[in-house]
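Chemist: Structure provided below as structure tokens; questions to follow.
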Amino acid sequence: MHTDNLIGFGLAVGSSAFIGSSFIIKKKGLQRAGASGSRASSGGYRYLLEPLWWIGMVTMIVREFANFVAYIYAPAVLVTPLGALSIIVSAVLAHLLLKEKLQKLGILGCILCIVGSTIIVLHAPAERSLSSVEEIWKLALQPAFLLYTASAVALVRVLVLYCEPRYGQTNIMVYIGVCSVIGYLTVMSIKAVGIAIRLTIEGSSQVAHFQTWVFVMVAASCIITQLNYLNKALDTFNTAVVSPIYYAMFTSLTIFASAIMFKDWAGQSASSIVSVLCGFITVLLGTMVLHSTRDPEKTAAVDYSALPQISWRGHANGEIWKQKDNDELHPEFVAIIRQEHFK
């Protein structure tokens, strides 16, 4: 394997361990913050005052740095699928710390993730040599990549403006959809910034090029958006459900985008391409097995004792029936009364 790919592989594995841990630590912080104030899923930001959430953020920052350097040395088609290892870490830690039970079949899912990642690593293409950030800019302006990006931005607008207010609290695909679609833009821009830094260190300064700063601004904006919606997803749904679905969508979109922009498959044999795709499918199957064996997150029981008491009276067969203090409704009977009915 190419030396650069080995470096990228090592950094990607370390990055996966950190991101798997940060998911759990942030989840614990969000739970503590939600217990004493407004939750992130409802637009609250009390988690910013929770030390445990910041520990998770620091862990995520370390992960992002390792991932950032990994993208400098290795192609996205190698680095991104290795994020499957983070699913294993988060599943095990969720079982131990969050009491989100990992069933025996989930172990098979973990093994499939490892096998698929190994196949991808062994057949990943070497990184394409780029000499300047202007060359990356030309790749980003290809009609095919521009069409792909325009479609992604339009989809994000629909998810944020239309779907989130209506289905955000009930459909996991809304929050994760925003994270995943924005995620591939994050990877492409981070990779461009990383290559610019590497070229600068090697003696070919890219600081004066305006394209470098455009990529920096795009990366920063996408990261902030991702973090916001990832917090909402973690605070609303089970961690073991969020992780694999987010991974599958994010990785698929990123690999496709990298193939369009950087032409990772150019010069590769058909057997290598098929091997990488088979490895990725194996990883996806592993995430599906993990997802299917996880228990859904328990919702808190609703306490009706704090609701205002309502007296009633009715007419039946010419008689007037009035509520008595010891009258009770059938336990399966639930009434929803609008406030305006009492005006």
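Glycine too: its Cβ is placed from the backbone N, Cα and C atoms.
According to TrEMBL, the transmembrane segment annotation covers 6-25, 45-62, 68-98, 105-124, 144-162, 174-198, 210-229, 241-262, 268-290.
Locate each feature and note its surroundings.
Modeler: Long-range neighbours of the transmembrane segment (6-25) within the same chain, counting only residues 6 or more positions beyond its ends whose Cβ lies under 8 Å from a Cβ of the stretch, are 52-53, 55-57, 59-60, 62-64, 66-67, 69-75, 78-79, 82-90, 93-94, 97-98, 121, 127, 234, 239, 242-243.
Tertiary proximity for the transmembrane segment (45-62) is limited to same-chain residues at least six positions away from its ends with a CB under 8 Å from its CB atoms, namely 18-19, 21-30, 32-34, 36-39, 231, 235.
Long-range contacts of the transmembrane segment (174-198) within the same chain: residues 67-69, 71-72, 76, 80, 130, 133, 136-137, 140, 149, 152, 155-156, 159-160, 163-164, 167-168, 206, 209, 211-212, 215-216, 218-219, 222-223, 225-226, 229-230, 232-233, 236-237, 242, 245-246, 249-250, 253-254, 256-258, 261-262, each at least 6 residues beyond the stretch ends and with a Cβ under 8 Å from a Cβ of the stretch.
Below 8 angstroms of C-beta separation, residues 20, 23, 75-77, 80-81, 83-84, 86-87, 90-91, 128, 139-140, 142, 144-145, 148, 152, 172-173, 176-177, 179-181, 183-185, 187-188, 191, 230, 233-234, 280, 283-284, 287-288, 290-291, 294, 296-297 of the same chain, each at least six residues beyond the ends of the transmembrane segment (241-262), sit close to that stretch.
Long-range neighbours of the transmembrane segment (268-290) within the same chain, counting only residues 6 or more positions beyond its ends whose Cβ lies under 8 Å from a Cβ of the stretch, are 77, 81, 84, 87, 91, 105-106, 108-120, 122-125, 240, 244-245, 247-248, 251, 255.
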Chemist: Under 8 Å between C-beta atoms and at least six residues away from its ends: which parts of the chain pack against the transmembrane segment (144-162)?
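Modeler: That would be 174, 177-178, 181-182, 184-185, 253, 256-257, 260-261.
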